[in-house]
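Annotated features, as they stand in Swiss-Prot:
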type	residues	note
TRANSMEM	34-54	transmembrane segment
TRANSMEM	78-99	transmembrane segment
BINDING	HIS84, HIS183	heme b b562 binding site
BINDING	HIS98, HIS197	heme b b566 binding site
TRANSMEM	114-134	transmembrane segment
TRANSMEM	179-199	transmembrane segment
BINDING	HIS202	ubiquinone binding site
TRANSMEM	227-247	transmembrane segment
TRANSMEM	289-309	transmembrane segment
TRANSMEM	321-341	transmembrane segment
TRANSMEM	348-368	transmembrane segment
Amino acid sequence: MALNLRKNHPLLKIVNDSLIDLPTPSNISTWWNFGSLLGICLVTQIVTGLLLATHYTADTSLAFNSVAHMCRNVQFGWLIRNLHANGASFFFICIYLHIGRGLYYGSYLNKETWNVGVILLLTLMATAFVGYVLPWGQMSFWGATVITNLFSAIPYIGQTLVEWAWGGFSVDNPTLTRFFALHFLLPFVIAGLTLVHLTFLHETGSNNPLGIPSDCDKIPFHPYYTIKDILGFALMLTSLVALALFSPNLLGDPENFTPANPLATPPHIKPEWYFLFAYAILRSIPNKLGGVLALAASILVLFLMPLLHTSKQRSMTFRPLSQILFWVLVANLLVLTWIGSQPVEQPFIIIGQLASLSYFTIILVLFPIAGVLENKLLKL
């Protein structure tokens, strides 16, 4: 009998075991679609980014004009740029929903997969930050100045570190050049980490909405979940193209239509929408080092999730107290996102401080307490 090439060829075998014959729980919902959507986001960003890089010039005197030239004179350059800029927003929407799914259904108990995932989030945030600087508009320049300056809060080595990162005494040409190099490199680091993420995931298999082992009821990934994923791709890409064509600047900052000017500070310096929650936490502490530590903690706290799990059930499906806390946390993050976009004045300051405090309280204190309480109520 002839060998099945799909199952025996050294390379095709890897594809087969990951995308075709992969045993998958039969009951995973649409919340499990976001992993593959993130893969599509990454591919889209790398392709559009590569096309943009062929026309971009990483020099302070030319960067802004090279982006304008791209949008005016390059065939479909405007579309490629709009897809790339808005693709970043979709990337973050998908990753936040993906993390939310992981928190709700207890996926973080696959510790290796979860930890690599958090590292992926940090890498994505770094990539988006350095990418935002490249068009060299006002918000690009001042965003880079403000955020890189935060490292000067590190005791003793801070200022040296910042000047080393800048390549001078302010954000200037060397900074732009190295940020372009980093922005080109990091997506490939993300692609590599994604393979590690999947390798760890396929060691244990996917979790499912019930949070119970599903070994007794697995189905092949293809055709069941390939067709389900394709529906997700179609919906996401349609939304992305619609946004890029009809309202490409909806999520951007108008300040970035003005070329970078070190002598004029914009009235409100703020990052893109997907960083606003962390920016609000940073600003809620009236101390530079404290703010930086809170900013770091707001993301790094995800590493603690497996350690804070006190419930004897994996998923929140049958845990109403934890569910209430989860949705309060979601609402809290939306409040933080709104506060991050507002000026530093009352009542926004106090709202931001309360929202920041409740963010950490819910994750570090209330979730573990709710888990213990539910165990007692259910006599587990």
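Here the Cβ of each residue, glycine as well, is placed from N, Cα and C on the backbone.
Remember, predicted model here, so these are calculated numbers, not experimental data.
Sequence features annotated in Swiss-Prot and their locations in the structure.
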residue: HIS84; record: heme b b562 binding site; DSSP (3 states): helix
residue: HIS98; record: heme b b566 binding site; DSSP (3 states): helix
residue: HIS183; record: heme b b562 binding site; DSSP (3 states): helix
residue: HIS197; record: heme b b566 binding site; DSSP (3 states): helix
residue: HIS202; record: ubiquinone binding site; DSSP (3 states): helix
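Comparing Cα positions, HIS98 (heme b b566 binding site) lies closest to HIS202 out of the binding-site residues HIS84, HIS183, HIS202. If you look at the transmembrane segment (227-247), the same-chain residues 6 or more away from its ends with a CB under 8 A from one of its CBs are 30, 33-34, 36-37, 40-41, 44, 79, 82-83, 86-87, 89-90, 94. Remote same-chain residues near the transmembrane segment (179-199) are listed as 18, 38-39, 42, 45-46, 49, 53, 56, 58, 113, 116-117, 119-120, 123-124, 126-127, 130-131, 133-134, 144 (criterion: CB distance under 8 Å, separation of at least six residues from the stretch ends). Here the transmembrane segment (114-134) has Cβ contacts under 8 Å with residues 56, 58, 63, 67, 88, 91-92, 95, 98-99, 102, 107-108, 140-141, 143-144, 147, 171, 175-176, 179-180, 182-183, 186-187, 189-190, 193-194, 196-197, 200, 271-272, 274-275, 299-300, 302-303, 305-306 of the same chain, all six or more residues outside its ends. Beyond its flanks by at least six residues, the transmembrane segment (34-54) meets 70, 80-81, 83-84, 87-88, 90-91, 94-95, 97-98, 101, 183-184, 187-188, 190-191, 194, 229, 232-233, 236-237, 240 of its own chain at Cβ-Cβ distances under 8 Å. Cβ environment of HIS202 (ubiquinone binding site): ASP17, SER18, LEU22 lie under 8 Å away, each six or more residues apart in the same chain.
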